[in-house]
Structure formats: C-alpha cells, structure tokens
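Trainee: Quick one: structure below, then a few questions.
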C-alpha cells in the first residue's frame, strides 16, 4: 500500500514537470584497484572522489568497481552497471585495451562515458561518439609533445613502448613531431619487468637519447635497470613513466629525467593550488597526473549537472561540451571530437623538500588538439 | 648484430633463466615430493620482495633485507603449510588449485592492506652496483652476474642436499613412496613442512633479488609463476635437473627471441612493422616451445618418476 502510494506520488511529481529538482546523477566508475596497475587507478579514483566530496553535492551517487586490469572483467562490470545499476554516466578506465573493450558498447546504450585517462586513437577519429568525452588527452598527445621538445637537443633517439593500443599510439605520436633519425624502435610485452635485453640493444645502437613509454611498474623497472646499466644517455618519456605514483619507487635514478604532460603539481593557477593542497591534506601524498585527471573528470560532470538534467541526454551532453569548470590545467576546452584542446609542458624530475616531484621547465605546445579530430564526423 | 651484443644477450638469457630456476625448483620440489600444485608460489616470491624492500628501507642494509626475505618467505610457507596446504595432500588437484588460488588473493590483498597500492623502493647494494667489462668492449652489470652466481650456487647446493644428505634421502624416498617411509618411522608431516618452507625460501630469495632490479609491487609474482609452470612442464615435473635445464632453455629462448626476431624480420620488412610483429611472435615463443616439447616428449625433458 505504502509502495503504491509512493509510486503514485512519484508519478505525480513527474507529471507536474519536476523542474525544480534535477534527478540524481548515478556514476559508474570502473578502474584498476588491484594488481600491478593499481596505483594509477587508485590515484584516479582518489582525485575523482576528492572533487565529489568537495562539491558536497548529495545528488551525485558513485558506484566504484575494480577491473583488475582485465578487459573481460571490465566488460562484465560495465554490463552490470548499465543493466542493473542503471548508471547515467561511466568513467574510470585507465588502460586503452580495457577502454576499447568497454566504451563502444556503453556509449551505444546511451550511457555517457567520460574518460579520465585512456584516449585510444580509434575512439578519437572515425569511431568517435557523441556520448564519449575524454577529459584527459588523446593518447598520442604527451608523446607528440616530447617528440617536438626532443628536436631541440637530439638527432638520434631510440624509442620503446609496450605492444598494445596505447603503445602504438605513443610511438606514432612521438614520430609525428620528431624530425631526427631513429636509432631503433622496440615494442616490448605489456607488463614486462626485465629490460636487460632492450638496454643492451640501446647501448649498441649509437643513440644520443632514449624515449620510453612504460606506465606503472614497467617504468620503475626500466628506469632503475637503465640507471644501473651505466648507459649514460638522456632519458625522456611521457609523464606516465615518471608520474608521482611511481617516483618514490624509482628513487634517485629518475632525477633529471624529462617528461611531458598537460599538468604538473607546480602548475600556477588557483584551481591547481587548491587541488594539490586538498589532495595532500586528505591522502597525505602528492597527486599524480592520474589524480589530476580524475579530479577534472569529476568537476566536469559536476559542472554539467548544475546546468542540465542527466535524464535529458541531449542537454547534458551540451552542458558537458561547454566544459564550464575550473580545470587544474588552467585553461581547458573540448575539440570537435570531444577531446581536449590544451597546453602541453616539458617537466623535469627534481627533489623538492626531500621528495621527488616534477617541475615544469618549458612549454611544448599551446592550444594543442589531436591528429584525429578531422576524421570525426559528429 | 655484433658478437659482443650476442654474448651480452646470452648472459641476459642465462640470468633470467637462473632466476626462473629459483622459482621452478621450489615448485617442482613441492609437486614431486607432496604431489601438490601450489599456485600461491608466486605470492611467496612477492612476500620475499616486500620483506626485503621494507627491511632494507628500515635498516638501510640490503643484506639484512635479503636475510629477512628468506626468513619471511620460509615462515609464510611454513604457516600456510600448517594451516591450509596440509589439508590438501589427499584431495585432488582441482581442490588444490582452488585453495591455493584463494591464497593468492589473500596474499595480494593482505599485502595491499599492509603496504598500500604504490610500488616500494628497493635498490641494489653498493657492493654490487656498477658493471664489469666484457671481452670485445661491452660491459655487463655486476648485480646480474651475482644473480647468475647465486642461482648456480643454489643449483649445486640443492643437488648436494638431495643426493648426499639424510634429509635429501628422505625427500627422494618421499617422492617414490610416501606410505613406505611413513611406515619406516620417518616423521612425514615435519618433512613436508620442511620441504614446503625450503621451496618458499627459494621463491622469497628470487623475489628479493628481482625486487632490486624491478618494481616491488602487489601482483609481481603471477607473471613469474606462469613462466615457472612452463619451465617445469618443459623440464619434467618433479625433477630438479629438469627445472634447471628448463629454466635456462626458457630464459634463453625468451631473451634471444625478443632480440633476434624483430632484427630478423627487419631484414625484409619496414622497421616499424618488424618491431611490432617481431614482438608479438616473441611473446608466443616459449609457449610454442612448450607445445613442441609436449608433442614429442609429453613427460618433459627429464621426467622424475620414469
């Protein structure tokens, strides 16, 4: 009886056209919280939840699940979230191979997906989708920035990445802007932890510099082994290989390494200062680039929820597209393919107050989009 | 590709193989003596690495960390043998797989709970840092040579233990007929705990040594465990000698395949495509090797019990 009464009341509210109160937004977050890649997912989640808590908006509900960095598991969780949890939005995936497994089917079911990290080229170009927004970057971007920056100092670079979608995007991106000669090009196994064979090849190749894209534990292993090998070449990479979550594990071997990103803890703007301070106060560590992206993803969603009802997908998408939020990157806007147009910086690993961190040394690109936007017909 | 580079890569393959041997030896010993499939062997590898990293950070000495890793892995091995494994000897392999898989999850989440999700720092000791010159003008890291040395020492030590000592005699007897040696008055339960702790200590040693080269993080044991299983299938289940040869074969195949395949394909392909296709084939190589050996010699190269 009670139920029926509640239901009819609810129906009545809808019939009256509930303008005053927007519907609660239900967000499903699938991210990597266990296994070797967990530190990335934990940082993205912590950044995301920090923004949600700071906003104090109790109309937002977040369901978090762990994909263990396994595509098949991510697909199962996504199905569950769409079908039984009835989420309006999804976010959280770190790895490109998982994003490729989950995103196309999720967006096809009229759920909006906001990527806080993975930005595979396949989803930025011809296969772009109005329900897919990437708040981080297109995968090639960081590598493009490093390729452009490398032109200044180097003529013969050795390049290396894991053999999976983001790895391919990485080396493609680097080569797109790098004008020098390549001393060699290697694809390693994803998750490989011993690089003795590759380091020997680098030594023998006559390279004047090395560019690597090895996220998470792979970057820790390579950088340590490279420093121990006595191969004295300048090392550079995208921020993933030298992000805050792994710097303490690499130790001094990372000092002086150049890496590219759209964000750094010392980036000078109000939103970023507040973010770094709040993150440190809450979690007692410095945020990584993943945490910054998670934080921006949440703020983007919050900004859209202020303006539009999530049940009205058309209006909600338009509100997202406006990107009317204070990004920790300073300025931020979406390109025609729902990927960011932003600045990219070269950072250097330094020791500050007894702690390893990244500091900005130069700007590689200003208002840089991506190479695939033209192929996206949306 | 020059000869010095090839020699360096062979050393790399050997070092990788020797490290795998430390894992595979314990795994095959436990299977040979107790007939138990232990999927949690990789977790003991992780326990060794975490113990070494945290004790080394605390005391400032890698060597104390190394000793702690042996002690912690052996202790963890003994404890799980007493609490869990002991109940599994008489069950079939499927039950063992399930229970030890559960142990992996418990160890991983327990380690995450204790140490957090972020990798730990562990560096090689100053005594072993740097490199030695190889003939031909190249050089090789001293630490990796030390790993090869430790692996060879363990192989010699294990074979002496098994062929020359009273404990080894019991282990061999336990392999062939466990009821008989129990009937002869040997305390078989203590023997099993000892063997399990010994296997665990070897895994812990491998974890500590590898931890200094790679990153010490949750889940680091599983990829190694898969390779260790490949090794014992190739070498022959239950055979220490098989584990040694299998490890070195897998180490060399994996390392040389990774280097030579992209090079070879590069002779008649565009370098970018050769790098990507070569890498894909190289990652399948040891499984192809395993399939070939299983096809022609299903019991493995050095099968223990005939």
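Going from the start of the chain as shown, residues are counted 1 onward.
Cβ coordinates are placed from backbone N, Cα and C, and glycine is handled just like the others.
According to TrEMBL, the feature transmembrane segment maps to B:12-32, B:39-58, B:64-85, B:97-122, B:142-163, B:184-213, B:225-252, B:273-296.
For the listed features, I'd like the structural context: burial, neighbours, distances.
Mentor: For the transmembrane segment (B:142-163), same-chain residues at least 6 beyond its ends with a Cβ under 8 Å from one of its own Cβ atoms are 11-12, 14-15, 17-19, 21-22, 25, 124, 128-132, 171-172, 202, 205, 209, 212-213, 240-241, 244.
Using a Cβ-Cβ cut-off under 8 Å and counting only residues 6 or more beyond its ends in the same chain, the transmembrane segment (B:225-252) has close neighbours at 10, 13-21, 23-25, 27-29, 31-33, 39, 41-42, 45, 155, 158-159, 162, 175, 286-287, 289-290, 293-294, 299-305.
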Trainee: What parts of the chain pack near the transmembrane segment (B:12-32), using Cβ distances under 8 Å and only residues at least 6 beyond its ends?
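Mentor: Sequence-remote neighbours of the transmembrane segment (B:12-32) are 38, 41-42, 44-45, 144-145, 147-148, 150-152, 154-155, 158, 171, 175, 195-196, 198-203, 205-206, 209-210, 224-225, 227-229, 231-232, 235, 237-240, 242-244, 246-256, 304.
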Trainee: Mind pulling out the one from B:64-85, B:184-213, B:273-296 with the most Cβ pairs under 8 angstroms to the transmembrane segment (B:39-58)?
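Mentor: Checked against B:64-85, B:184-213, B:273-296; highest Cβ contact count belongs to B:184-213.
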Trainee: Looking only at residues six or more beyond either end of the transmembrane segment (B:273-296), which have a C-beta under 8 A from one in the stretch?
Mentor: 227, 230, 233-234, 249-250, 253-254, 257-258, 261-266
Trainee: For the transmembrane segment (B:64-85), could you work out the same-chain residues 6 or more beyond its ends whose Cβ comes under 8 Å from its Cβ atoms?
Mentor: 36, 38, 40, 44-45, 47-49, 51-56, 99-100, 103, 122, 192-193, 196-201, 203-205, 207-209
